[in-house]
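**Q** I am attaching a structure below and will ask some questions about it afterwards.
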Ligand code: GLN
């Protein structure tokens with residue numbers, strides 16, 4: 001087990017960390033609550049028993065259990081990375097004119113804009129994410145998609161692809177997202193061709209990853225933007241604070257406050273059943289389990305993260321502020 005070394009500083013033995021993950025996996029695999037997302041018809045086909053947990057540290061150690069190679073579409077977790085790219089393309093001040101940083105307290109797919117500014121509330125909910133994606137630069141749809149795929153390559157360390165069935169499934173049924181895009185077009189928050197913006201948004205959501213990838217991507221954010229496995233920079237260091245701040249306050253939708261209170265680390269979930277969580281300067285965490293609660297967060301994922309935070313003392317405002325250390329080597 002993880003052991004408390006001295007006040008507020010936790011030394012975690014690597015073999016103990018793997019057994020912490022194994023214990024959590026066997027404890028929660030029998031938890032049968034929640035339901036897989038079915039509003040995108042293709043997502044309803046997923047096996048609800050799939051379950052994996054993965055941790056990657058900023059010095060590149062990997063700990064993983066369960067179905068960590070199982071592929072799935074990244075869905076809303078993509079919003080984190082698209083936000084980083086929009087910030088790199090336009091800078092903080094301009095992006096703030098198009099999308100705010102205020103939690104909504106509402107569901108991820110609410111059709112709401114800030115009354116005064118007409119901006120979507122934040123880049124972690126659908127409306128804000130569609131506005132963010134519409135900012136990604138490129139001379140045409142193909143170039144913009146390639147820039148998004150290149151970005152995911154930097155974070156994962158390998159080529160990534162769009163799941164065409166999931167993309168077309170969402171494109172043909174995503175009327176709510178289309179309604180949000182039209183509303184934002186009306187208020188001048190989106191100015192390019194909205195069908196192109198929506199296509200790119202649906203494509204980024206349909207990018208294929210596994211749980212291991214989630215943890216590597218999270219570890220890249222934890223490591224100030226440098227992928228700890230490839231050693232290559234994925235995003236400009238100056239935007240890490242913007243990305244992690246909106247993850248912390250808005251990443252878990254209308255559960256964001258309770259998450260910040262109990263788990264206490266920046267995170268993002270998606271209707272695929274993935275949760276990506278970042279312990280700055282320490283590690284990235286990925287959990288995958290498709291059944292969702294009423295707010296669209298993975299049921300097992302939330303429980304695992306709550307326990308991991310407690311056992312490893314990861315909460316930003318406890319135990320010296322995320323000062324857990326994993327000893328290198330076995
Ligand atoms: N593609 C999904 C949508 O736009 C993503 C939602 C999510 O993962 N919360 O509805």
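A Cβ is built for glycine as well, from the same backbone N, Cα and C atoms used for every other residue.
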**Q** According to TrEMBL, 76, 126, 170, 177, 201, 253 bind substrate; which of 58, 62, 216, 271 is also listed for that site?
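**A** For the substrate site that includes 76, 126, 170, 177, 201, 253, TrEMBL also lists 271.
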**Q** Near residue 76 (substrate binding site), which residues of its own chain have a C-beta under 8 A away, given they sit six or more steps off in sequence?
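**A** Same-chain residues close to residue 76 (substrate binding site) (Cβ under 8 Å, separated by 6 or more) are 108, 124, 126, 129, 205, 268, 269, 270, 271, 296.
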**Q** Taking every protein chain in this structure into account, which of the binding-site residues 201, 253 has the most other Cβ atoms within 10 Å of its Cβ?
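**A** Highest number of other Cβ atoms within 10 Å: 201.
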**Q** Looking only at 76, 126, 170, 177, 201, 253, 271, the residues listed as binding substrate, what is the longest Cα to Cα distance in Å?
**A** 20
